[in-house]
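Marked as domain 'Calponin-homology (CH)' by TrEMBL: 88-195, 261-368. Residues annotated as region 'Disordered' in TrEMBL: 40-60.
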Amino acid sequence: MSAQPLRSPTLRPHRMKKEESFLGKLGGTLARKKKAKEVSDLQEEGKNAINAPMNPSTVDIHPEDTLLEENEERTMIDPNSKEDPKFKELIKVLIDWINDVLVEERIIVKQLEEDLYDGQVLQKLLEKLADRKLNVAEVTQSEIGQKQKLQTVLEAVHDLLRPHGWTIKWNVDSIHGKNLISILHLLVALAMHFRAPIRLPEHVSVQVVVVRKREGLLQTAHVSEELTTTTDCIDFNFLFPLKPERDAFDTLFDHAPDKLSVVKKSLITFVNKHLNKLNLEVTELETQFADGVYLVLLMGLLEDYFVPLHNFYLTPESFDQKVHNVSFAFELMQDGGLKKPKARPEDVVNLDLKSTLRVLYNLFTKYKNVE
């Protein structure tokens, strides 16, 4: 059974106060004729830019899209871009990912614009991903209520993404206005931030038609909007794509998986040798180090110091708290003379075994002889 998001009329953009045009000030028959011709030509150009080479039966454009107020702007995806296989793949991958995350909520997303605009699905998605509860009304039927809820959800998203350098390319009006470009930017950012177990198609761009009204005239432009770049390895502090360097663990996973159990057993023996001093024991590397607590305690044991409890979360509940713990453990490792771990804290929190093994193996290499 799928939960169908509530529908509400699309909110018309805010009407700006009309500005008197320069030609209007000059007045005169010639000016009026020139203006009338320019208006007619540009209106025709705007309509052609939007409708050609579209088939009207397959393009979702409202008649008012070419009837704009002064300084008002509308954007829409060029229909040719909508038919691009990589663009279609991006949408399918994101929809499948959302449905996988929300399977226990009995929510099924079929169309991103129609199912995400009111904030209901976005709320559930963020709560699942970040492991936190948002203080918002569960169901809102009014447009005002939907936008208030959406505002709360997006503020929580921004609090997560901004510290990592993300550029926010969406807002309440664009999401609630069912702007697919804004919705895709938001979902791609969430998928990459939370290291979703999906493969986003790389270098996806779309052509966007932008229609503006300036001094009574319609102006159109075509711009290219980049939705994804390279997703193999991302430095989230600067958002520049990096080529990952392969190491022994890549080779181990790719060519010698039979030896993986031997490596895991050796590392478990190593960490338990020290954690047993606190009556703690590890049996599953990928899960028991995911919240960062054991990593912090292990560093204190290896370096022979007590880690003040106020520096980390002893019982972390949210995704952010777990990332904080792992990041803090990484800082302790660097203070101990180790290089900055290749793994990201988010990878460890998301149960990425290879990342966890890399971190523990670095500790093993330096501290294997410590009693």
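Placed from the backbone N, Cα and C atoms, the Cβ positions cover glycine too.
What you are looking at is a predicted structure, and each value in this text was computed from that prediction instead of being measured.
DSSP places the residues of the domain 'Calponin-homology (CH)' (261-368) in helix, strand and coil in these numbers: 73 helix, 0 strand, 35 coil. Taken through DSSP, the domain 'Calponin-homology (CH)' (88-195) splits into 74 helix, 0 strand, 34 coil.
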